[in-house]
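Here is what TrEMBL records for this protein:
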DOMAIN    115-187  domain 'Cation-transporting P-type ATPase N-terminal'
TRANSMEM  167-188  transmembrane segment
TRANSMEM  194-215  transmembrane segment
TRANSMEM  352-374  transmembrane segment
TRANSMEM  394-423  transmembrane segment
TRANSMEM  884-903  transmembrane segment
TRANSMEM  918-936  transmembrane segment
TRANSMEM  957-978  transmembrane segment
TRANSMEM  990-1008  transmembrane segment
Amino acid sequence: MEDYLRKNFAVEHKRPSEEALRRWRRAVSVVKNPRRRFRMVADLAKRAEADRKRINLQEKLRVALYVQKAALHFIDAGKRVQYKLPEDVRQAGFGIGADELAFVVHSHDIKSFEDHGGVEGLAKKVSVSLTDGVVPTNIPLRQKIYGYNQFAEKPARSFWMFVWEALHDLTLIILMVCAAVSIGVGIATEGWPAGMYDGIGIVLCIFLVVLVTAISDYKQSLQFNDLDKEKKNIVVQVTRDGCRQKISIYDLVVGDIVHLSIGDQVPADGVLISGFSLSIDESSLSGESEPVNVTQQRPFLLAGAKVQDGSAKMLVTTVGMRTEWGRIMVTLSEGGEDETPLQVKLNGVATVIGKFGLGFAVLTFLVLTIRFVVTKALHGEITDWSVSDALILMNFFATAVTIIVVAVPEGLPLAVTLSLAFAMKKLMSNKALVRHLSACETMGSATTICTDKTGTLTTNHMAVNKIWTCGRTIKIEGNQSEEVLQSSITGEVFNILLQSIFQNTGAEVVKGKDGKNNILGSPTETAILEFGLLLGGAFKIHRKESEILKVEPFNSEKKKMSVLVSLSNGGGHRAFCKGASEIILKSCNKIINADGKAEPLSGEQKKCITDVINGFACEALRTLCLAFKDVKDTSKVDSIPEDSYTLIAVVGIKDPVRPGVKEAVKTCLAAGITVRMVTGDNINTAKAIARECGILTDDGLAIEGPDFRDMSPQQMEETLPKLQVMARSSPLDKHKLVTYLRKEFKEVVAVTGDGTNDAPALHEADIGLAMGIAGTEVAKENADVIIMDDNFTTIQNVTRWGRAVYINIQKFVQFQLTVNIVALMLNFISACVSGSAPLTAVQLLWVNMIMDTLGALALATEPPHEGLMKRPPIGRDVAFITRIMWRNIIGQSIYQLIVLAILKFDGKRLLQLSGSDATATLNTVIFNTFVFCQVFNEINSRDMEKVNVIRGIFDSWLFIMVVVSTVASQSIIVELLGTFANTVPLSWDLWLVSILLGAGSLIVAVILKCIPVEKGKEAATTTNHDGYEPLPNGPDMA
């Protein structure tokens, strides 16, 4: 079976090939309800059509951007489209309509743009101040006139759509026809109302099955709708009413002033107000990979483009479906998401079992029919047929169809969806947003986590702790820092230090809604700016002292930020740079002395400064150097100098380790997951933090990115097993590490990332984990999971849930296969021996609901327990239905069949039943015992190896609810609905017999779990029931 599944039902968890997706679809057969079974499966035809639409849209946009733009220069102004100002726009106080605004930006019509007065003219026409932004009170009016920033989406499916979908089950349709015939024939032969009970019983049961199925599916769809909306939500920084604030992309309106920085997605169409070195990637819109430089001469920005470099402010001109991105977004949602490997594999399991079930159903019908015909022949009645005979044959057929209902486990693939939906909802409440369903599964197999340091292992709440300048190290302690620093250095040095802090920063001091000043920027920038304010500096005053000419923002390649400013009072130009200590130190050939004068930097001084940097780093401080250079040639304003700087100071920033990280790392190591720190920080800082977190051990290895880059394949093979820390790494180093671990070491790699340049590594990894707070939109778009609180403990929680999903599905499969085997064999054996099936169509439908929808609810939604993180990761290609599962399935099936067979063939004597209703009572006891066997086996299935299956049972309220409701419903069916369900009320002692025989499966489970199971050749490297690889032991444990 495993070989068949691997051959036909294996897909990659990330970016599966078209051929693999088509192969498993061709292999699926015996499907009762295609509409429901394949609801969560990608529609390849729709997807192909959506791709064609998207390519057409991109082609049209490319024409608009590159052809129409050139053509506009040759079009006579008189022939341009003349827009008339709509009356509702005029009455609202605006001077330009939505369509005209959209045309100007979309067509890049610079002539029309200038005719409207440029960005200032457009701002005036949409009634907005370029400094204060939109006034909140007129936001509803703007939304009414210019539209909402929302894209057209398919309306959510109503509950009745799910009811209609559930009714498309072929077997249920056949049973409804059988019920209708049964009612008609029954009334004709037995009269009203006795003749209608059997048929009505089937109809009521079908109604219940459809209702429960529809409710379960509808609730799942609501969960996925909420998650989809959250995935598309982007937080945007705007200025409104003079205050800088963060809002949802859905709340953006025409006239908003949006702030953009590296890695952001342009949230709407607009025009540039101001900015530095702004480079935009429009490949998602036009398909062109060349970045576009946005300047005052080319000020147009299109929604959906990504900021590749620089920073800017933009005025929003067009929102929602009037943007090209809005039209493209509609096509992106077509076709659905790729199915997960578990969904595909369980479609295979359902196909295999369905074929067996179909065969047994046909055999059962043939055996029952042949026995009936032979019996009539033996009694000489072969030519004597009545309506009641036809009714008997109809009941045989209904029983056979119901066996197919039970035997084809349609719920298996859907149980994966249910489990994933439940896990994703729980993870969402635990600060993890799963963007791709398959990531939830794959995290259960993760063998390596490559994690960032800053913000993930540390708190990201940074503060300057120490500063070295003019040969002195000064500890920063609260409000006394200004006096201590001023008494230690001259006023000249103090002023140039404040200049370097306030001029060369990517952060801003802005007024918040509460009227207080807030610092907006990265944690490192915020820490330095806070330090400058602590020293008595004033952000706005220092910024007014000079004009910024050019900015080179910080990026993870250069590991520095530079700025060129023009000093006031004809002071010439000055460049400031700050960044990674050793990189800035290399670019310095001078140092500022105690008198504020620049003097040559000697080799001995460099060594002394390097010792200071290493000393700070060994105290787990992030180190940065600040430097400046006076530029004599004022004609060159397009470039910032790269060398010959004067060193001002070395700054040590404290970023404490997050609470709980050490325990989370320890848990991962105990679970067989290697944790590697990959950071851009100094190696000594990285080692200090790694030791504090428990990542770096005595025999572990810490290296720098440049050394890793230069390694040969042989050196890598020797180094990687021991590698625990990589410092001063670039995004390319991270990508190379991930690729090598996956391809050469066959590891399942999870990697964290926050920057735009981390996108390739996030894309390459088995599971890309983007940071929700520090992460850019580009990083999030390439990730599989977004860690909303940037916390490593959340990553460990995602791993725990990933394992829980896999185990829960295995539990459900074990439970369902047991019910399948027993129901099939019981009816078949009984048909062969006695000529009748002990379980009627109504009873089998009820059993089907217990094992399908309710069983999935109970077992597929159990929360993870601590034991999951005390075993190794799930292997890549292990058998899904393991030998331990088969042991439990076969053992329980044998027990149940023996018990039910004894009751069927010798139950009257053993239970001392007599009288006219003895047969009906016995059949009720058999039905009752069969149901209680499943109830107790459901409890057994909570753990496939451990004897104590009650542990943690009350942590899963859903499991308790399902078991209680099953028992309560069974009592009602037996005691009150006998007319429809072909049961009779039972005495308390017969109830006790049924319960005790069902509970016997608990004892059988204990005996089965004591039977050792040999490892199969397909899982030769595994020891546990779920195919986990064994944990390393001895000195290799670390």
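Just so it is clear, glycine is given a Cβ too, placed from its N, Cα and C backbone atoms.
Between the transmembrane segment (990-1008) and the transmembrane segment (884-903), three or more CB pairs separated by 6 or more residues in sequence fall under 8 Å, so the two stretches touch. It is 918-936 that, among the stretches 394-423, 918-936, 957-978, forms the most Cβ pairs under 8 Å with the transmembrane segment (884-903). Here the transmembrane segment (918-936) has Cβ contacts under 8 Å with residues 815, 818-819, 822, 826, 838-839, 843, 846-847, 850-851, 896, 899-900, 903-904, 907-908, 911, 963, 966-967, 970, 974, 978, 982-984, 986, 990-991, 993-995, 997-1002 of the same chain, all six or more residues outside its ends. Mean per-residue pLDDT, taken over the domain 'Cation-transporting P-type ATPase N-terminal' (115-187), amounts to 82. Residues of the domain 'Cation-transporting P-type ATPase N-terminal' (115-187) grouped by DSSP class, helix first, strand second and coil last, total 46 helix, 3 strand, 24 coil.
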